[in-house]
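Pulled from Swiss-Prot, these are the features on record:
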type: TRANSMEM; residues: 20-40; note: transmembrane segment
type: TRANSMEM; residues: 43-63; note: transmembrane segment
type: TRANSMEM; residues: 96-116; note: transmembrane segment
type: TRANSMEM; residues: 210-230; note: transmembrane segment
type: TRANSMEM; residues: 234-254; note: transmembrane segment
type: TRANSMEM; residues: 262-282; note: transmembrane segment
Amino acid sequence: MNLRDKLDVYMRLARMDRPIGTLLLLWPCLMALTFAAGGLPDLKVFIIFVIGVFSMRACGCIINDYADRKLDAHVERTKGRPLASGEVSSKEALLLFVVMALFSFGLVLMLNPLVVQLSVIGIILTIIYPFTKRYTNMPQMFLGTVWSWSIPMAYAAQTGTVPVEAWWLFAANWCWTVAYDTMYAMVDRDDDLKVGIKSTAILFGRYDRQIIGLFQLAALSCFIIAGMVADRGAIYAVGILAFIGFGLYQQKLINGRERAPCFTAFLNNNWAGMVLFTALMLDYLVLG
């Protein structure tokens with residue numbers, strides 16, 4: 001394998017070719033920076049967090065594939081991943097993980113000590129998450145914590161503290177993550193049952209749509225409260241209405257519990273996050 005092919009394999013291992021996860025991680029992070037700054041965030045902090053989202057998502061994907069390398073070969077959607085297919089060795093994957101983790105840690109060293117302390121917790125959570133699928137039926141809930149950890153970090157970077165209002169946004173994103181990652185798990189449910197991988201899609205069973213709906217409603221409520229605490233106005237309210245519309249569309253897609261529509265519903269959450277963040281930013285810029 002030549003250098004170009006090897007780099008292509010590493011890019012796929014880090015999911016650089018599939019940015020959906022990065023975007024789902026990015027929107028709440030940018031919302032946190034915007035709420036914390038009361039508008040446009042500090043440029044240095046903004047750049048560090050955008051780069052950090054990409055690098056930490058890569059870390060998460062690599063350690064996830066390392067943990068699942070023997071199981072992924074038996075799952076239709078994941079059998080072509082570089083570790084499962086043998087295109088890259090376990091040692092190479094671990095080395096790439098360490099490099100990306102050190103790069104990410106180097107980024108936060110340019111910020112204040114509180115952010116550095118929170119980042120250590122973040123990397124530990126990232127390492128633990130892939131293994132939760134073996135021991136609990138609720139790995140999506142653990143992922144919600146991992147996926148939301150950038151929110152207190154963003155507040156800490158922008159303000160030097162993590163105020164109470166940060167946790168409303170944390171709760172909103174936690175519930176939202178559980179909802180959309182359960183949609184994602186519905187795609188793999190049949191394969192996961194065969195190989196022993198646990199998920200909320202399996203745990204919720206025939207009540208999956210209803211429970212996803214409850215998490216969507218809880219996320220919506222917390223996003224509304226976060227906006228009220230920050231005294232947001234009509235433009236943010238329009239974003240909230242759009243978020244409701246996206247949620248209803250996703251419920252329609254997962255109604256039949258078929259793989260392709262469930263995956264489409266998962267992907268649709270990127271648009272929901274982008275629209276809500278855009279509405280928040282415009283609300284600050286236009287209404288002050």
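Just so it is clear, glycine is given a Cβ too, placed from its N, Cα and C backbone atoms.
The transmembrane segment (20-40) is in contact with the transmembrane segment (262-282), judged by 3+ CB-CB distances under 8 Å for residue pairs 6 or more apart in sequence. If one looks beyond the transmembrane segment (43-63) by at least 6 residues along the same chain, the residues whose Cβ comes under 8 Å of a Cβ in the stretch are 13-16, 21-22, 25-26, 29-30, 33, 93, 96-97, 100-101, 103-104, 107-108, 110-111, 122-123, 126-127, 129-130, 146, 150, 153-154, 157-158.
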